[in-house]
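J.: I have a structure I would like to understand better, so I am pasting it below and will then ask my questions one at a time.
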Amino acid sequence: MPRKGNGQLPLPDGWEEARDYDGKVFYIDHNSRQTSWIDPRDRLTKPLSFADCVGNELPWGWESSYDPQIGVYFINHINQTTQIEDPRKLWRNEQERMLKDYLMVAQDALSTQKELYHIKEQRLALALDEYVRLNDAYKEKSSSRTSLFSGSSSSTKYDPDILKAEISTTKVRVKKLKRELSQMKQELLYKEQGFETLQRIDQKMSGGQSGYELREAKDILSELKSIRKAISTGEKEKQDLMQSLVKLKERFHLEEARGRSEPDLRSNLANSHLSLSRQTLDAGSQTDISGDIGVRSRSNLAEKVRLSLQYEEAKRSMANLKIELAKLDSEAWPGALDVEKEKLMLINEKEELLKELQFVTTRRRTQGEIERLEGERRRLEEELLSVKSSPSKALAEQLKIQEKKKELVKKLEEVTKSATYLHSQLKSLSASTLSVSSGSSIGSLASSRGSLNTSSRGSLNSLSSTDLYYNQNEPAADLDYQYKLDFLLQEKSGYIPCGPITTIHENEVVHCHERIDYTNSPTAQQDTQDAKPPKSVTSLSSLSSLSSLSPPGSPPVLEGVFSLCTQDSLRTGFEISELPESFADMNLHENLQLMESVAGESQALAERKSTGEGLRHQSSASQEGRTDIEFPRKNPDRVQEEKAMCVSAAVSDESVAGDSGVYEPSVKPPGEDPVFNDDYSILGAAQAQLILRYDSGNSSFVIIIVKARNNLSYVQFGSRIYFRVAVLPSSNDTSCLFRTKVYPATESVLFNELFRVSISQTTLQQKTLRVDMCSVGKTHREDCLAGTQISLADFSFSNDVHTQWYTLLPSRTIPLHKEQLEKSVLSASNTQTAALDLDAVSALLERTSAELEAVEQELAQEDDDQEQLCPGDDWPEMAPEESFSTLEEHEADLLLSGEYYAVPLQLSSETTEKSEELYGETSNWDSVVSPLPQAELPTLVDKETNTEEALQENLSVRPKERANLGSRQRPFVRNSMIVRSQTFSPGEKNQYICRLNRSDSDSSTLAKKSPFIRNANERRSLRVKRPICQPMTRRTVHECRERTSLDLELDLQASLTRQSRLNDELQSLRDLKQRLEEMKARGETELPTCVLEDERFQRLLKQAEKQAEQSKEEQKQGLNAEKLMRKASKDVCRLREQSQKVPLQVQSFREKITYFTRAKISIPSLSADDV
């Protein structure tokens, strides 16, 4: 076919080109009198199939078009169909594959949680039955009271004090199991529904089914719009119901307050008048302002500068936190780590059930019931023995990363709120726009165009809040489960019946309304502050919008990417030298290090033979405590005070006095009884190593049983023993009795089991800690072999860790073995062999304590001498040239190659426009590399060049520049000071970074000479605003916007799921409101027990009260902070895409499909009746 003059092929004969009323081109075939959208010449010029296409070509018969509501869609003129998927790409197939893979993961997780629910049901049924039987036993035994160390009975199961503690602990366990089962039932229902929804979507959208056409996609978007309106209406109703609950709660409190006496009311009224008059006086003084207007304007300017600096620091902190979050390794599936947690918790629940079956009461049980329980116990033990997979170190590291991620998210939320508040303050100070440093020009966070609410093209974030790093309604972690999981991770070889299983009798020792999140503890905040990257030099000049910490053209340093302090906070191994810090904050990621260190210490002790060792091995707790762990140094003046507390009870009036909660044994001076100079441990007394600490942050008393030795002195070889710990007298609302795992007795046994008792300091001082070594037989009756009592009246509440060996005195007379008699004869030095007198035993213990005191004083003196010789930190500072040597090899290569020097937030054109309106003029977030784990605060300098000589001594060096440093050169740094006399010197001077103003930007120079490159960025004037990778950014955003029919179906089903769950929440709030109104109508003045004891109801009411107290301005700030937080979450995803090469669309799709099976119950249903 001949071509026209312009090279275009002519139309065939009988064909004509025309345009419709929309301006779209179509073709008329006059031969057949038909019209067609397809150019007849395309058959000759375009590929006929997708396999022949090159680049972005479409084959013959296909056309791409754009719809304002849907976006880009594709038309198949041959089949006369439309579709929203790009036929050239395989993203839809990849989505279907990921959905099928996740269905397998979700099915496994669902079966695990069902089994966990079934085990909890068994535990609840057993606990209810045990509670009834213990109550009956207490009623029968209440008339007869036996001594704790009475030798008349072989069992202390029905000792009144122990029995009362058993009853209260069982009661607390029943309540907790009821609440957990109620919550798990609702979560299981949601997860089953979500799993079924995903199955329906998979069946509908796979198997050769075609996607949605343009008309169907528009119908789905219209339905989505109506559902979101309904959700918005439901959210408003939810807020109204919560406010109603707050008013009802206040009415209950008012009814309680009316019972007070009239004088109290008068005094309160007088106080209110005083406070009112004072407020009126203050208000009057504020209106009568006198002074010069110029002074006020200068003060306002100073306040603006102060707020702007704080605003800059908040922005910089946000950038640092985003980078740190992006550096953390992401999970293969969101929530995949939760599945591993549930598997570990299933093992733990089985161990708890096995332990409860071991200690079940056989009283008034038939032989058939006993055999059934014994068969269940054997079956559980076989199941646990068959568990081959143990918690690996990799899983422990993932859990530590998850805890670090939670801490960073919490800090990011706080910084976001702070930035929003500072912006509002700046806005109120300035009548016009934000006239502060250009580095602070984030702009109005309340901009409607900058809103991050999800549009029709967005993800499900506005519906479900399932961002990778931001979930506002995520409940606080259960401390009991955190500790159980922590101990499970220490078992490196799975379930070992002959060793301790790191579980406690119930471990629900923290009362529900006294629990707080572990991240609120002071040490957790301190650790996160230590891990924070160093602050950059703050801008003080309003002309320095183009200033940076690097020369023109050099890539910006991402703050904290290779900060050593951050790397130190993410250690991959368990640091055994951090025991004091670990005990200062008992959370998951630090308890891992703690228990690892304790295990190392106890393992080292177990390898040592007890025979032939003298007094230091048997009685010096401080020396053995320093075997592998560096404990806090004790003040020698406090040693005598601690000795008055840490003693063992003897069979005397003092031991009986321990029952009353006040136990103060006499302390004799050293050397008072010279006849007992020999070590009592030679005589074979069993000992237990305990670690005690009071956690003032959580109001919890922490008890750790580390190990026991010389056990065979009280029990025959092959018997099964365990420890029983009780805090007496018992409390009705707190678990106070715990048991370790039963295991065969050996000479030395490692326990490493932790128990927590939620108790106040005042109450703890009235308690006595009782530790008993017991054995259990086939009759399930406890036989107390030996024990000790520790008075807590003088216990130190300074968060110090107290490690001590306690001698266990026998509860009844035990004949000495032949070998022990021979040792006692050889060591008695002309003393006749006779039965031990218990008063002599007490004297011997006091003698041992006195010698131990002298040893500890000597060690404390040595520590003081070492501190004088080596003041400062325990770890020496790192040399500058060694700072980068601690980095991993591949990270150093990335640093040098510039892979991490990409712009941290490369937004799309649309997002950039919104963010420019949201933030104003974007700014560079400066950063420096920290050479030390605890970096000093940088010196604030003016943006103009400095004329004084000020150079830092400790500097960080790039690895490749290390070899080029001469005697006259200093290493290249980002935070070095600028000296004008050296800025333009022709000779070889220090390398520097020039911070420039607009006035002298043309005089910029590079730190290093580079080869000549025409039109290089660094050779242009800094006044030119260079676009940063705009074409690539547009392509990236276009790919991320790509939407398939599967995405539309997921959006629709997620909206329906969110609406259904919101309706359930509304119904729960209506039921609770109705119940409170009925109670109020009956004249009751106290809230129901389920509201007072359930921590979820407490969080709900506190959240409602906080919202009720907020003003409109504060509510607006909260909404703006939430929007900014969502944007930060998206920025983290983009940074992760750059650093870890995880496509943003893959992250978004994974979040969508995991939303259905990750149910978080924010509003609980009314719990069952109490016991």
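From the backbone N, Cα and C atoms, a Cβ is placed for every residue, glycine too.
If you look up Swiss-Prot, you'll see 120-193, 223-257, 301-420, 836-870, 1047-1123 marked as coiled coil. Annotation comment: Swiss-Prot describes 534-551 as compositional bias 'Low complexity'. Sequence annotations record features per position, and here Swiss-Prot assigns compositional bias 'Basic and acidic residues' to 606-616, 625-637. What Swiss-Prot lists as domain 'WW 1' is 9-42. The feature domain 'WW 2' is assigned by Swiss-Prot to 56-89. Summarising the annotation, Swiss-Prot assigns domain 'C2' to 684-806 and lists sequence analysis as the type of evidence. For 521-552, 603-637, the entry in Swiss-Prot reads region 'Disordered'.
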J.: According to DSSP, how is the domain 'WW 1' (9-42) divided among helix, strand and coil residues?
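T.: Split into helix, strand and coil, the domain 'WW 1' (9-42) gives 1 helix, 13 strand, 20 coil.
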J.: When the domain 'C2' (684-806) is classified with DSSP, how many of its residues are helical, how many are strand and how many are coil?
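T.: So the counts come to 7 helix, 69 strand, 47 coil.
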J.: For the domain 'WW 2' (56-89), give the DSSP counts of helix residues, strand residues and coil residues.
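T.: Here the numbers are 0 helix, 15 strand, 19 coil.
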J.: Averaged over the coiled coil (120-193), what pLDDT does the prediction give?
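T.: Per the prediction, mean pLDDT sits at 78 for the coiled coil (120-193).
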